[in-house]
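For reference, the structure discussed in these notes is given below.
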Amino acid sequence: MADNRRSRVITQGVARTPNRAMLRAVGFRDEDFEKPIIGVGNAHSTITPCNVGIGAMARRAEEALREVGAMPMKFGTITVSDGITMGTEGMKYSLVSREVIADSIETVGGGQRMDGMLATGGCDKNMPGAMMALARLDIPGIFVYGGTIKPGHYKGEDLTVVSAFEAVGQYNAGNLSEADLKGVEENACPGAGACGGMFTANTMSSAFEAMGMSLMGSSTVSAEDDEARDVAAEASRVLMDAVHHDRRPSSILTREAFENAFAVVMALGGSTNAVLHLLAIANTAEVPFDLDDVERIRRKVPVLCDLKPSGRFVTSQFHEVGGTPQVMRILLEQGLLHGHCQTITGQTIEALIGHLPPEPPADQEIIMPFDRPLYPEGHLAILRGNLAEEGAVAKVSGIQQRRISGPARVFDSEEECLEAILADGVQAGDVVIVRYEGPKGGPGMREMLAPTSAIIGKGLGDAVGLITDGRFSGGTYGMVVGHVAPEAYDGGTIALIAEGDTVTIDADQNLLQVEVDDAELERRRSQWQVPRPRYRRGVLGKYARLAASASRGAVTDADLFPEQE
């Protein structure tokens, strides 16, 4: 069949004369109507350094697609900067933007009957939003990452944006001067690219590489290097081959591909958000995958990489010593990666990485050998108990104690919590509860980077636990538990906790428990009332109405027609 198997419905035949007339106005010539139309989903934006370099990548992709005989059609999609909106009401729009990105790319690709899709992204929600769209469209597609930022430098230290968040806590604790606070601010983000540790953006780009939907070695490139533009060109050539062979996401996004993704996320020490986003993509791709699968993989895969936020190194340094392909090769050698999985290139994972050495380079400290891991098990533990019947996600890397039991300090918003921390209202041994920040209650599951960074900055990272039905930034570390489900707005037990209740986090036992008997919890439940929605109109109102539980990825299309399930 011809490569324009979808677009021919708008380019061929007498009846499509008006369609062709409009296409001529955007550059089509007679010979172009037989070519496949490839969408270039362009996430370029001057809102955030994460996306400011993507325009050049999209232009290079356009050029390369023309060179291989395709007709590229570039269109824009949105981004919301997590780092800039962090700690404000604006952060409620962040997770919502994932759905908007998915909807927008799907809408253009479906509406214009495109034959293939090259999606770009930089900031955190760009990645899962784009991949959800590729899964929905199920046309040949590839994701191209905008690249990571390089580290900033101040007084001999490598900086990331998280350094600036932690500096706030250090300053408030009297451990950092105003001049040094300004110095960190001015040097933390030196140029273009996504936040530089193994935070959410770099975690998701690595996961997509492991799934076979991005080019091998592309997930850790630096945005300002020519290599990023070279990746865009090569991705265009690979995509054209996929169009020719009708190689679609449904043949790549298999259950085993998701297992590969989670194995790599664990080995990298990646973001908690990977759990939420990969579950959302699995839901979209109609692949059965849940929190129990995540925990099963965690117990088998050690943390191999010493990367920020809990480690020492940044992603650009990781790239220099082999990056994600090297980690995948180590996992493959240990039988922890499905090497037979197909990729968008038409080759298997094993074919693409089999030539790499099964051990990391000896002259570096970023990637550890399998027999000397940073941690013997994965760092993203799934906790359950009377506080999280559907589950919760704990990030247990970079902490000294894996169990904490203490009095609850209860806050019904992130703002209240941060104010108390900065005013020394949270002490060692406390367990902080931040609720009504879930998918529906927030709405939008805000990331609690400001409170957790303030806790770290005050030197309480190993002494205070924090539990929320919201999320955490990929830059968060410490004794933190997020994605608590059911959320407070749905009447989950987190809504029933009272100030001073004893709450236990036990990562070794996978336990999240409030030490209150069932009778008392039922008494409290009988008095609890569903809060009035914070938003009743607009995109936040729609999201609050449609969002599924965090245990299902907080997607908006999970239960649209329950009566027909």
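These residue numbers are counts, starting from 1, taken along the chain as shown.
Glycine is no exception: its Cβ is also placed from the backbone N, Cα and C atoms.
Quick look at what Swiss-Prot lists:
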type     : residues              : note
BINDING  : C50, C123, C195       : [2Fe-2S] cluster binding site
BINDING  : D82, D124, K125, E447 : Mg(2+) binding site
MOD_RES  : K125                  : N6-carboxylysine
ACT_SITE : S473                  : active site, proton acceptor
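Features per Swiss-Prot, on structure.
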residue	record	Cβ neighbours (10 Å)
C50	[2Fe-2S] cluster binding site	31
D82	Mg(2+) binding site	32
C123	[2Fe-2S] cluster binding site	30
D124	Mg(2+) binding site	33
K125	Mg(2+) binding site	29
C195	[2Fe-2S] cluster binding site	32
E447	Mg(2+) binding site	32
S473	active site, proton acceptor	30
Quiz item: Of all the recorded positions given, namely D82, E447, S473, which is spatially nearest to C123 ([2Fe-2S] cluster binding site) at the Cα level?
Solution: D82
Quiz item: How long is the line from the C-alpha of C50 ([2Fe-2S] cluster binding site) to the C-alpha of D124 (Mg(2+) binding site), rounded to the nearest angstrom?
Solution: 9
Exercise. Give the three-state DSSP assignment (helix, strand or coil) for the residue listed as 'active site, proton acceptor'.
Key: coil
Quiz item: Do any of D124, K125, E447, S473 (recorded positions) have a CA within 10 A of C195 ([2Fe-2S] cluster binding site), and if so which?
Solution: D124
Exercise. Please state whether DSSP places D124 (Mg(2+) binding site) in a helix, a strand or coil.
Key: coil
Practice problem: Please report how many Å separate the Cα atom of K125 (Mg(2+) binding site) from that of the residue listed as 'active site, proton acceptor', as a whole number. | Solution: 12
Quiz item: Inside 8 A of the center formed by the CB atoms of D82, D124, K125, E447, which other residues of the chain have their CB, for the recorded Mg(2+) site?
Solution: V80, S94, L95, C123, T200, N273, S473, G474
Self-check item: Beyond the site residues C50, C123, C195: chain residues whose C-beta lies within 8 Å of the centroid, for [2Fe-2S] cluster
Solution: T48, P49, N51, S81, D82, G83, G122, D124, I149, G193, A194, A201
Practice problem: Using C-alpha atoms only, work out the spacing between S473 (active site, proton acceptor) and E447 (Mg(2+) binding site) and round it to an integer in Å. | Solution: 5
